[in-house]
Amino acid sequence: MKGELLLFSSVIVLLQVVCSCPDKCYCQSSTNFVDCSQQGLAEIPSHLPPQTRTLHLQDNQIHHLPAFAFRSVPWLMTLNLSNNSLSNLAPGAFHGLQHLQVLNLTQNSLLSLESRLFHSLPQLRELDLSSNNISHLPTSLGETWENLTILAVQQNQLQQLDRALLESMPSVRLLLLKDNLWKCNCHLLGLKLWLEKFVYKGGLTDGIICESPDTWKGKDLLRIPHELYQPCPLPAPDPVSSQAQWPGSAHGVVLRPPENHNAGERELLECELKPKPRPANLRHAIATVIITGVVCGIVCLMMLAAAIYGCTYAAITAQYHGGPLAQTNDPGKVEEKERFDSSPA
């Protein structure tokens, strides 16, 4: 009897846990919706209904997400964490959310994202990272996101974006990139090429407006011609690996080349995207070609006119001298014929 009573009590407690709604939250069981927004929460509430599909946690004071922070809601599809104080996302913070489709992390204090942070979100369709302080995104944030269609990273501190990260999102159709600190140098050429192909295929983007260097500040990256890019310099050889032993050096002494303290600065300057220098005499060359063509045309016309004039003059002269000559020749022929006829047979 006591065993049955204990079992019954356990079932009651379990049902209360499953069906309960956390304090300061509003739960709607018919739609599996839980709203815990604007409650001054500092951490994720415990005892969330496991059948929750939509969870709103925006406008709180959550600073940190531990690993497996949402293990109690494995069926979650929409998660809104916007306008909190998140600065640290532990690896595996979203582990177990196999069905998550929408993740909103806008208006937080994120500085960077750990590689493969979202690797457990295969169904993710929308990721909003806008209005943070992110200065760098890794080349990968997880497995290939076959279903991701919207990525927003506007209003951050990004200077570069690796093309490999975008190539891991073959289905993306909307890309929001504005209001960052884009440095339009040679390292952004790969991104430019990817964006041109993306737009050509019908993708939508708000563009990349260059913040530096001053030559291109305020310009749209997609409107800068390819010809204006300088190739990125090759990485400087490692002085340690490039050590060489000169022939004839005594006792195997290794001579190191002198260090160039300005190499890094020079590489940075060479890498700046700057206009391709145009030859100083290019306009003069074009003008020379045009003038030469005009002169040659005039000379050809003059030669043609001279040829026509010469032929006409020759024809008129021949006709003029041909008439009298014919008349003077005829009497000779007659006289010769008479002498021939009068000769003895």
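Note that Cβ sites are derived from N, Cα and C of the backbone, with glycine treated the same way.
Between Asn104, Asn133, the residue that has N-linked glycosylation site written against it in Swiss-Prot is Asn104. Asn147 is the residue among Asn83, Asn147 that Swiss-Prot describes as N-linked glycosylation site. If one looks beyond the domain 'LRRNT' (28-50) by at least 6 residues along the same chain, the residues whose Cβ comes under 8 Å of a Cβ in the stretch are 17-22, 56-65, 69-70, 72-75, 80.
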